[in-house]
Each structure stands twice: as structure tokens, then as C-alpha cells.
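Feature table excerpt (TrEMBL):
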ACT_SITE  D304  active site, charge relay system
ACT_SITE  H359  active site, charge relay system
ACT_SITE  S674  active site, charge relay system
DOMAIN    196-272  domain 'Inhibitor I9'
DOMAIN    297-725  domain 'Peptidase S8/S53'
DOMAIN    780-881  domain 'Subtilisin-like protease fibronectin type-III'
Amino acid sequence: MDGVVSVFPNTVYKLLTTRSYEFMGLGDKSKRVPNIETDIIVGVIDHGIWPESKSFSDEGIGPIPKKWKGVCAGGTNFTCNTKVIGARYYVQDSARDNDSHGSHTASTAAGNIVEGVSMNGLAKGTARGGVPLGRIAIYRVCEPVGCNGASVLAAFDDAIADGVDVITISLGGVVLDLYVDPIAIGSFHAMTRGIVYIAYMGALPEKASYSPMSHHQNILQEVIELSSVEDCLVRSYGRSFNGFAAKLTESERDKLAGMEGVVSVFPDTLYKPLTTRSYEFMGLGDKSKRVPNIETDIIVGVIDHGIWPESKSFSDEGIGPIPKKWKGVCAGGTNFTCNTKVIGARYYVQDSARDNDSHGSHTASTAAGNIVEVVSMNGLSKGTARGGVPLGRIAIYRVCEPVGCNGASVLAAFDDAIADGVDVITISLGGVVLDLYVDPIAIGSFHAMTRGIVTTAAFGNAGPNLQTGQNVAPWIISVAAGYTDRKFVTTVVNGDAKAFPGKWINEFDLEGQMYPLAYGKTASNSCTEEQARLCASGCLNTVQGKIVVCDTLNNVTESREAGAVGTILYDFHIPAPDPIPLAVLDYSNFNAFTSYVLTSPDPRGTILRSKTVKDNDAPFVASFSSRGPNTLFSDIMKPDITAPGVNILAAYSPMSPTAVPGQSMDYYFMSGTSMACPHVGGVAAYIKTFHPDWSPSAVKSAIMTTAWPMNASKNAEAEFAYGSGHVNPTAAVHPGLVYEISKEDYLNMLCSLDYSADGISILAGGDFTCSEESKVTVRDLNYPSMTALYPSGSTEGVIFTRTVTNVGKDGSTYKAKLSGDPKLNIIVDPETLSFDSSGEKKSFNVTIPYNGLGHLDSYGHMSASLVWSDGSHNVRSPIVVYSITL
């Protein structure tokens, strides 16, 4: 009959029964994420459960997760708790286990921790499941004669609808074709139900009567095949742009993608966080000019991991009433209080905007933290902590949890932040580079741009390889991470009194005492040589009272718990809090030190407390910072700018999993483009205090064209490493000229690419049409830098067309100056630009003739700079030409 896929006889399945977790390496000391673990629901399709077992105790387990949609229907004398939260039976009259198979499998998958377990004294130890704080939902399908397929399929049907995260089924029978196998059918539908898709629908319609939520529910009503709308809809976006997130099957996704008004439908994306002297190094210090009465009206939106509102960096001392333009709320959850500094809070994951990771507090305090004097990390780097706008306000949007930050939440945060009235958004998250229509950060920042909001984003931590940059949309300020002129030196001294300078930040003082040294490779009698060399978990069983030397970064907590007094590691670049003294040596020093350890009859050494020295080579880009060129828009240079991103001291959360018990953790060092991004967010906010009416493109242009020049002496990738150079906040306030880009300019650029005209119109809000006359090539977008991918075999030159707007004095005259590779033979026409008044615009062309491009085959990458100068302002734009073989 129509609609019937298969008809097959009921199948009888049989049970498949044959220091397990410790043997697998998942023991008491393994890292866990309790606040997420307690939300995990494991569905067990089996022989029932004995709920009174200690393995199913709910001791230490909180309320039932809100996502649970099931029931406790276990039959007579069967009681659930907050551990066993659901029960159903399909045979006999109870979900109670009278065979033991179900209780055994359930406790193995998700049983609570039970200590002192044995079988009459044999194999004494601890019983536990993979997620001791996780929840269990039991589905009894078995009776003594076996487990019938009809019941199995019914159990899958219920478990999927109930909202379990994992299904474990220890049953088996003969191998059947997929269409007639209940386990194959049920598990297929389980797989499809967990996929969240985001439907992006462009700008909001201008009709006053339009209700986004109702529209989205009506669309889903037409699309979904089995579930209810309430079960499918995850989020509805309708404050600043249009769209929703929903759990869909692949066929439902395809149907939705073909509907009128839908620009794109794409799977939810998982982003990762891209993890004081920095402002002083940039030239923005105590004596820099500020505009307090405007600064106090600036609102910085931070989309991240939440915030620790009690930090001194978020004190509202000296800050007046909340700005009248603020339209947001303080909805930070239980025990979360805002003030006139942290004026808004929202969360999209877990149950609070409170930061339990430190990433969000660190970035928020870097962007807009209040002034906090005498800050240090246990005495190291004593100074003043501050953000770019100390009197500015912060609105926090928590989208991250320990496993990552999902795109549906990121898009919801943009939707809210735009409507709430922030001036700047800083987002230190990254993932894979996606096409614009399916990239939540690109979509959200586009709509922010149309409302006059600047977005700064981290460029990624995947360097030094080329083409690894993230967040590359042209309306985003993409930020690379550089070093400041403050360098930490942690010296290791061996028993021969030879010193080996290292890095990392060691706050501990061993007072020069010499300790025995143990090389990981020879320090274990329980692991393979390779595992021991890397100081793998469980291998450090002979290091009590010694300093252990490892060939790579290990879990330093393991060293401490094994009784080591310190650790020496081979080169690694991103520091984290450490519970014992730690030093990191480069290749040559590590090899020399290891040679001493292996050849000395009594190797001894010590780790000195870190010292701060001036680094005269700064600024230069960190090796971990991602590199261009731009993988999405080959003729737009990325990154845009470099900012301090190495060893940045800022606010920290005491709830962080890396916090060390007994150690002061109010402020700590972190490194990454995550740390560089909020510096530029703070600078953008600082510029807005002088020019509140400037567009996002004007702010971006000012930041890029006034940057300190950098060169390839420390970064061979040149502009693909550092962009326009290192941010220079005070110069950016008075750039002289700016390169303006309007919303229509961006749309006209998209028209020249392979994006659909209908999609662009929806993106724009329905009032825009692509035309041949108005199309703008990517190369001719009025970007503050000039970049061209030069095709192999081409015999033509390269021409850039640009327009600058005078934001300086009336009657200004600028002359063109060129610097860089003279082989390019660059021609600027005209060479002089004269402006009668502020706001006036002038256009010019930059031509690189074919004879200047012949060297690309040898170099792969050539660059120069155009500087427009009126004697007071130097408006510098990098010019980069590269080949496809770079």
C-alpha cells in the first residue's frame, strides 16, 4: 500500500552478555564537565532496571533537566528519582528488572559512583558509569523468552520523543536487511532527530503586524512530518533579523530550503573560544585623551562564555546611571546581579550568564573593564588593569558551554544585542570558514553593520600555516594576535649551574633549591616508552619529590598529583594556570637540558621564578595566530589588524576548570586571538567616544589606515600575518581620511559573485535589486587595503579604484607616497587630492602594470604601501598581490 516502506515478521532478540573504565583511561582524575554531564540523558533499551541499587542513587544530582519530555511509568511499586528520571515497559507489568541484564548495562553506561564495591571481597574498587552525574531513562522490552522487535521499535519511538541524548541497546539477533531490522530503523530515526538546522530569512519585514514567532511556527507546520512544532523549534530570531533554528530531518530540511523567503538552511555550527601592559603598549594610557561624558554612553556587547560580575573590573564605581538608549535586560539567571557597569546579561546555554570558564570575563574586561590598580598574578606584572573604555558599559551574551558554542545561540545573541542597542560587538569565537549565507557570525555581524554597530572578531589560532584565518567577512574587523614589549623569562638551572632561559609564566619560587630530575621517558614502570616520554596520564609513578621533564605539554595537574615539585616541557605557546612550577624550553635548550638529565649520574635542577624583560622586537605576530590569504574573498586582505594577544592579564573566574585551589585567580594571563579581538573592540569603542556618528566602515578604516607599520623580518607571511599592522588607538581617533563602505556597496559586491539575486534582496529587506550597472567587484570594494589574487598566465595589470572621505580639516591637500617593493612599478592617479571641506569625497586609481607582476612566479607574494599625507595625517593602505601557488 502507498506509504508502507516494509512489512516484516516480529523478531526475537537475545541478550548479549559476555577496572573497565580505568582500563580505558577514564578514571577518578579524568577531566569532566559536571554542569554539562548532569544534563546528559542515557536511554537504555533492555531488561528493565532495579532502581534501588546504589548505582542509581540520585545523591549529588540536581533537578531533572528541562529538556526531558518523558514520563516515569514504571508500573507498580516503581519509583523514579533525579537519577533514573524515566521508565516505560512494553512487556509484562513493570519496568523493574528481574534478570539483572538491564541493571548491569544501565549502571555501566551511567551509574553513579559507588565506592568499596566487590564480589565477596574480590575485585574491590569503585563502580561507576561513563557519566556518573548523567540521567537514565529505562525502556523495558525484554522478558525471559527474549525481546521482541515490535517492543524494541516502540522503545526507540518513545526514547527519541522523550529527548534522550544517547541510546544503548545490548540486544542482538540475526542480521536483517535495513528496512526490516527494528534496531536499524529505530537508530536511523534517532540519528536524524538530533540535527539542529538554522533557517536564515534575511531582514525583518517592515509590516507592523508581522509576528516572527507565528510565521516560523506556520512554516514548520508545513514542513515537519512526524513531530510537533513545539518539539522541533529551538529558537526564533525576530528582533533584528529573521529566521529560526529547529530540529529537522534531512527531507524536512530540503523542503524548508525550497520555500519562498528562506535564504539558506544550514546545520548548527560549533564554535570554539580562540584563547597589564597591553593598552599602554598600544599608546592608550592614563594620560591619553578621553571624552568621559560620551564614553559612559558607549555599550560594548560581548558574545562569549559569560561573565564573573563580582570582579573588580566590572565595578560600577564612578559610573553614572544606565544610558537611556539601552533597550536590553538583566536576565543573567539565579544569583546574578547587574549594576551600572554590567548593564545587561542574557544566556542561551545552561542556566546562567555567569562565567565558569574565564574566557568571557577575560575578554569583557579587556574590551571595557573599569580601571583596577595594583593588579598582578601573585606579584608578577604588577600594574593597572583596564579596558579600552573604562567608563563604558558591558552587555554580556553567554553562548558558550564547555563543549563549545553553538551557532544557533550565537545568532540569537546577535539578534538580541542589535535590538538591545549596543555600539560595538566583540566575539572571540571561531570555527570552520563557511559561506556567508550559512555562517552565523557573518550573518549576525552583517545585520549589526546595517544598524551602525561595529563587530570585531578573532582571526583564529591555527597559524602559522597559510589560509587558516576565520571570520573573514568584509564587514567584520578580523584581528590577529601579537606580542607586546613585555616578555616573561623563566630560567631553568641544572646541577652544573648552567642556566637555560625559557618562557611560560612561573609564579612559584623554589628559592634556588636543587631537586632530583626525572625524564618522563625513564620515569615510568607502568607505560610504554612513547607514553612515558610524553608524560601521559597515569605514567608518572616515579616522580615523587622530583622535577619531571616531558617531551610535550602534559597535564601539569597530573605531575602535581604524582608528587612532582615542578615540570619542564618542550615548546608550547598558550599558557594556562599551573599548580606547580613550570618552565617551557625551546628546541635547542630543551635538547641540551635533556642531554644533561640523561648523562648525569645525579641529575638535579631548579626552576626560577619568572622575570619580566623588555622585548625590543615587538610588535610581531604570534606563531599560533592564523594567517591569510582570505579563503572566501581572495581579493580582500585578512587579517585586518594586529593587537596584543600574548600573555594578557585580565579578569578571571574562580569557577574556571583551570583555576588552581589555594591560588589567587582574580586575574590571570591568557593568550590567543581571543585576547587580541577585545583590544580592538575596546579601540573601536574608544573611537566612537570621539565620533559617535561614524559608520562601522569609517571606524574600521581609521583603525587600519593609522596602524603602526610592521614588516616581514619576524613574520615571513607579511600582511597575511599582521594585516595593516599593529593597532594605534590614539592615531585612529584622527585618521584624516576614511574609506567608507555602505550596506549597498556590500550588496552590490555580493551581486558580482554567485549569490542569488532573490537571496540578496531578502538579505537587504526586500528593497534592493541587483543590476549590471551597480555591481562592484570584490577588488573594487572600497576597502582600506588593496589585495589581488593574480591568476597564473595572466598578461594584464591590476587596477584598484578607491574613494576617500575627508574627516579632517577644510582645505586639506593630500599627496601620494609609495613604499615597499619597487618592482611593482605602482602608479597612483591622481597623485594629489585636495578637499575644500570636511565630508568631501575624492576618488583615485592604483595601477600595477603587467611588467611589475613578472616577479610573482619567484616570490608568490609582493607588497607595498600607499600613504596619503597632508603633513599631519598619514593614511596608509597596504597593497598586496599574490599568486595562486602561494
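These residue numbers are counts, starting from 1, taken along the chain as shown.
Any Cβ shown, glycine's included, is placed from N, Cα and C.
Nobody curates TrEMBL annotations by hand; they come from automatic prediction.
Quick caveat, the model's predicted, so the values are computed rather than measured.
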Tell me, how many other CB atoms lie within 10 A of the CB of D304 (active site, charge relay system), whichever protein chain they belong to?
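A count of 30.
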Give the three-state DSSP assignment (helix, strand or coil) for D304 (active site, charge relay system).
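Looking at the DSSP assignment, D304 (active site, charge relay system) belongs to a strand.
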Applying a 10 Å Cβ distance cut-off over all chains shown, what neighbour count does S674 (active site, charge relay system) have?
32
Which residue counts does DSSP yield for the domain 'Inhibitor I9' (196-272) in the helix, strand and coil classes, in that order?
24 helix, 22 strand, 31 coil
Helix, strand, coil residue numbers for the domain 'Subtilisin-like protease fibronectin type-III' (780-881) per DSSP?
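Helix (H, G, I), strand (E, B), coil: 11 helix, 55 strand, 36 coil.
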Give, as a single whole number between 0 and 100, the mean pLDDT over the domain 'Peptidase S8/S53' (297-725).
89
Enter the number of other CB atoms within 10 angstroms of the CB of H359 (active site, charge relay system).
27
In whole Å, note down how far the CA of H359 (active site, charge relay system) lies from the CA of S674 (active site, charge relay system).
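Each residue's Cα considered, S674 (active site, charge relay system) and H359 (active site, charge relay system) end up 8 Å apart.
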Whole-number Å distance between the CA of D304 (active site, charge relay system) and the CA of H359 (active site, charge relay system)?
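Rounded to the nearest whole number, the Cα-Cα distance is 7 Å.
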Three states by DSSP: which one describes S674 (active site, charge relay system)?
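Where S674 (active site, charge relay system) sits, the three-state DSSP reduction gives helix.
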